[in-house]
Amino acid sequence: MRRRNPSGGSMLHDDPAERPARPRVYGATVDDNTRCEHYAGPADIVAIKFRCCDRFYPCFQCHADAESHPAAQWAPAEWSERAILCGACGQTLTIEAYRSVSACPACGSPFNDGCRLHAHLYFQVPPTR
C-alpha cells in the first residue's frame with residue numbers, strides 16, 4: 001500500500017514488494033545504506049551515479065579504485081538526471097534537487113553536509129572563493 005510521506009516528499013511504500021528496486025551500488029561498500037570504507041559516518045548515505053560509466057558509487061575514491069577511466073562531472077544542463085541515491089530509503093533524486101536539500105525529501109534522513117566540499121568532483125560547479 002502506498003501512502004503520502006508526511007514530510008511532503010514522494011510516496012512511501014508499506015509493503016517492501018511495492019518498493020522500486022534499488023540501483024546496484026559499486027565500490028567498497030560497508031553496509032546497505034551506501035556507506036563505504038572511505039566515508040562511513042552516520043550521514044554518509046548517498047551514492048552518486050557517475051556520468052562517465054553510468055554506475056552508482058558511494059564516493060569518488062571508490063570510483064577511482066574500481067574503474068580504469070577518469071571520472072566525468074555532470075554539466076549543469078544535465079542536473080535533471082536522477083543521479084543521487086539515498087542509501088537510507090532507496091529514493092533517487094535529481095542532481096538539482098540534491099544540491100538544494102540537506103536531507104532526503106522522501107525519508108528525512110540527513111545527508112553529510114561535508115559532501116559539498118567534494119561537489120566539484122561530481123558536478124561542474126563554479127569555483128568557490
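Glycine is no exception: its Cβ is also placed from the backbone N, Cα and C atoms.
Database features, via TrEMBL:
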- 12-21: compositional bias 'Basic and acidic residues' (COMPBIAS)
- 29-109: domain 'CHY-type' (DOMAIN)
- 1-24: region 'Disordered' (REGION)
Reported mean pLDDT - the domain 'CHY-type' (29-109): 97
For the domain 'CHY-type' (29-109), the number of residues DSSP places in helix, strand and coil: 14 helix, 20 strand, 47 coil
